[in-house]
Amino acid sequence: MEGNIPNEFVDEVRTRFDVVELISEYVQLKRSGRNYFGLCPFHGEKTPSFSVSQDKQIFHCFGCGEGGNVFSFLMKMEGIPFPEAVKELARRAGMQLPSTVSSVAAQRAEQKKSRLREAMAWADKYYRYWLQHQDGAKALHYLEKRGLTREIIESFGLGFAPNRWEAVKQFLRKKDFTERELLDAGLLSDNPKKTYDRFRNRITFPICSPRGETIAFGGRILDDGEPKYLNSPETPLFDKGKNLYAIHLAREAIRREKQAIIFEGYMDVIAAHQAGVTNAVASLGTSLTEAQARLLRSQAEEVVIVYDADAAGQAATWRGLQILKSAGCLVKVGRLPAGMDPDDYIRRHGGDAFRKDIIGEALLLVDYQMASLAQQYSLDKDEDRIRLFNKISEILASVDNAMEREDYVTKAAAMLKLPATAVREELNKKKQSASRPHSQTRKSSTIKPSLQRETAAQKAPMQIIALWGRFPSLIEESAGQLEEEDFPAELIPAFLEAQKEKASFSAARLLDSLQEEKHRQTLSRLLIHEEYDEKIAKKAIDDCIRLLKCVRIARQRKELEAQMASLDPVAAKGEINELSKKWLELRKLEETINHPREGGKGVG
Ligand SMILES: [Zn+2]
């Protein structure tokens with residue numbers, strides 16, 4: 001599985017990363033007892049069942065069964081194969097990959113990406129430089145007129161792309177980047193005749209990865225040109241559906257405040273940060289994607305959408321809400337006075353007022369939906385009231401919590417000027433008909449089916465390995481009683497390693513040797529269970545060993561039986577007698593193994 005990355009290197013990378021630290025970059029974790037808990041980034045949930053163990057350097061989700069070590073986490077989170085996960089962490093740790101590693105093609109792809117990152121870093125410097133020099137004077141003046149301080153311009157890395165066709169192109173060509181590389185980085189555009197600067201006469205907004213590397217730019221035109229905003233295209237570095245503007249600057253505050261504010265525009269985010277509202281990010285141009293919603297959900301308990309008060313903003317809000325809700329976020333909507341965008345509001349009223357009056361007064365999803373529907377229909381017309389009634393019952397039918405729903409029934413009845421019983425009745429009809437079977441199938445498909453029941457004997461090898469992983473000191477006395485043949489093929493490497501490593505056997509390392517996701521999940525679950533101490537573990541191991549010995553004996557007996565059956569009863573009488581004796585011995589052995597058995601409890 002580890003391709004041609006040497007094991008020593010994999011070990012070295014793993015020990016450089018702490019599982020809690022790595023996962024905290026993606027998920028907000030809280031300590032509880034010996035483990036950390038958070039909302040699982042791999043399935044939608046509202047109560048944390050995703051646990052991380054610092055001692056064992058592993059994670060496991062009791063909701064969906066996902067589990068593993070730092071590598072498995074990154075693989076799942078970034079959707080990359082094992083060797084890529086190792087390389088990515090090595091890169092983050094600034095480690096040089098061994099020269100033997102990876103296919104030539106993969107090596108080239110990585111080299112290319114690192115060239116593109118370099119080009120982006122230079123372009124970033126270049127644009128920043130121009131904002132502070134002659135060509136950029138007008139741009140700087142514009143930003144200052146909009147109230148941005150030097151510090152905030154600096155921390156957001158704002159820059160200026162000169163109004164020339166080959167400014168950044170010439171600069172980077174002199175740094176030995178090829179036109180091809182600059183096209184691939186999205187810094188140049190081309191037509192059949194030539195390549196030229198993509199960003200011209202624009203204020204540049206670097207778009208960064210969560211770790212703060214510049215991966216793309218947004219550019220705002222300085223004069224009245226079109227389009228007003230231009231972004232980098234998708235590149236090997238930049239997938240706009242997976243990134244959020246300013247996430248690298250907002251991440252800490254989001255985690256601290258357990259809340260994320262999401263805007264539409266870059267200027268909204270910058271104004272908010274300058275006013276001290278630093279838990280703010282923006283989607284990149286288009287409406288929110290599921291990946292962005294998951295990224296937010298993994299960091300914050302609550303997400304507040306604050307979009308422009310115009311019609312387009314409202315439509316985008318509505319779409320964004322659905323996506324955030326289905327990702328399992330607690331969603332609220334901050335409403336601005338008509339005709340204002342967040343940037344205007346914050347500049348006029350300041351960060352404290354924004355926090356208190358817009359974020360503090362944000363409506364819960366259902367309240368917002370009801371309020372905005374009420375605006376669309378006239379309550380004086382019976383026709384409209386009926387339509388509104390239908391729409392509202394649909395929304396209320398999606399509220400899972402009964403008490404909450406009842407609360408909304410009262411509100412809706414008051415709004416529609418109807419008796420609450422009428423609303424309740426309609427709601428029950430809606431819930432019984434369409435929504436029930438639908439929501440059930442959806443629920444079961446998002447969570448993986450639980451692992452199929454296995455017999456105790458089938459489970460025993462994995463349990464032993466897991467218990468060894470937790471209590472390596474028990475390996476010494478128990479490993480000798482087992483043989484390779486007691487383990488299924490995929491667990492033999494783990495068994496041999498335990499035998500060899502004894503007390504220094506590492507559970508986190510073990511997870512890398514398991515090819516199948518199913519095994520990784522079982523193992524992480526067994527490893528993270530808290531209610532076993534060493535004494536119980538020892539007993540559980542003994543039980544498992546006894547079970548495996550019986551399995552081994554049964555197999556040997558079957559072999560003897562087959563042998564005897566294949567012999568001629570007359571000609572091979574003596575031989576058959578010998579085999580029969582052996583068979584009886586095995587039978588007795590089985591008895592003695594089974595006899596002292598006293599309902600020991602297995603793990604799992
Ligand atoms: Zn999960």
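Residue positions begin at 1 at the first shown residue.
Note: Cβ is positioned from N, Cα and C throughout, glycine not excepted.
What TrEMBL says about a protein is an automatic prediction, not a curated fact.
In TrEMBL this protein carries:
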- 434-455: compositional bias 'Polar residues' (COMPBIAS)
- 258-339: domain 'Toprim' (DOMAIN)
- 426-457: region 'Disordered' (REGION)
- 40-64: zinc finger (ZN_FING)
Could you pull out which residues elsewhere in the chain have a CB under 8 Å from any CB of the zinc finger (40-64), counting only those six or more residues past its ends? 14, 18-20, 23, 26-27, 29-30, 34, 70, 73, 76-77, 294, 297-298, 326-328, 330, 446-448, 469-470, 506-508, 511, 521, 524-525, 527-528
The zinc finger (40-64) [mean pLDDT, rounded to integer]: 85
Number of helical, extended and coil residues in the zinc finger (40-64), per DSSP: 0 helix, 8 strand, 17 coil
Per DSSP, what is the helix/strand/coil residue tally across the domain 'Toprim' (258-339)? 35 helix, 16 strand, 31 coil
